[in-house]
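Peer 1: If you scroll down you'll find the structure; I have some questions about it.
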Amino acid sequence: HPPPVATDKEEQKRLLENRPDQPPQPKVLRIAIIGAPNAGKSTLCNQLLGRKVFPVSKKVHTTRCKARGVITHEDTQLIILDTPGLTNPLKAKRHNLDEAMLTDPWDSMKHADLVLVLVDVSDHWTRNSLSKEVLKCLCQFPHIPSVLVLNKVDILKKKFLLLEIATDLTEGIVNGKKLEVKSSPKQDSRSSVKPPLHLTQASPSESKVPGSPFGQEKNQAQEGSGLDRSSDAEAAGTGEGPKHHGAKDLKEMKGWPHFQEIFMLAALRGEEVDTLKRYLLMQAKPGPWEFHSDVLTSQSPQEICDNIIREKLLEYLPLEVPYGVTQVTDVWEEGECGELLIVQSLLVPRESHKRMLIGRGGKVISRIAQEAGQDLMNAFLCEVRLKLKVEVK
């Protein structure tokens, strides 16, 4: 079971400064998760951690800062760098985003041992090519191993499209092997995630990764169409690392031919997330832990609280309204029975915004307080009494 987050700011600070209680031969892996805004990065982080500590919303730019999640399993520590969605200066200006939102994903890449590139396959406008920002990031750090994660597979009605999407996003090459399509009888699958395409490995000499789509034997590919990585690798498989790509290449690129693996999952439902987690644990290399095993996130309890309330504001308020709300914590204390009492003021620029936020008969604000309180109980594992006040600033 993942540890809860400390409710006391000082206690959390002490935990973060505590010397890691690592075993004699510790292993570690730093993972940067990048992708377009709203690809599901924070949802995936929460599922990997086993507790909700990162805000999630359908609106873009819910994640505003670089925060770390920590998974400690036996002798291995995975450090997840949840980064803001990769965006450009023009969009950043439109959403009144902090300068840090442009630089944070790049900073995370500098510290990463592995990059997960998350793509939302339910978005038919963007799913067949990686965004220019993501490609720029990969081109800048070609030496860092990368893995493609296709998310929201359960929403995709036509599962055969996964084959086309996977080919486009990898330029037909994974781990230096060419992808080849093999058709087989149509499937009738009950699971929302199990894709009709089966990614198999042609050369038996290669090491198998348990649980990874490529680590499965050919005879398991009974249904749907299969993708086979034939051993006659193209130029990409010459044994050399990925070359640097120039600005000219970037214009013509749709995918990245240097991914090591492809995973398909539904992060919101938690389907196939364990498969990815097992793979990540296996990729860890010998090295010192960064955190004590009781640490789940580098955020302070107040940051988690602010982020989760903000998530609800984004969820229930229209258009740009939530982006103009300022949050001020008035009370943060432990009650007589050990419960956590939180009072927060939400300051809005206009009277009309105040009416919207309170809602008819106080319905909107009470729903936000109830749902945020529930999420905070999950993060802190204690009773939480949350009160929200709305004022015009």
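Glycine is no exception: its Cβ is also placed from the backbone N, Cα and C atoms.
Annotations in TrEMBL come from automatic prediction, not curation.
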Peer 1: Which of these ranges is annotated region 'G2' in TrEMBL: 61-65, 171-175, 336-340, 361-365?
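Peer 2: Based on what TrEMBL states, region 'G2' spans 61-65.
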Peer 1: For which of the residue intervals 35-42, 91-98, 283-290 does TrEMBL record region 'G1'?
Peer 2: 35-42
Peer 1: Looking only at the domain 'Era-type G' (27-287), report the model's average pLDDT.
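Peer 2: Computed over the domain 'Era-type G' (27-287), the mean pLDDT is 73 on the 0 to 100 scale.
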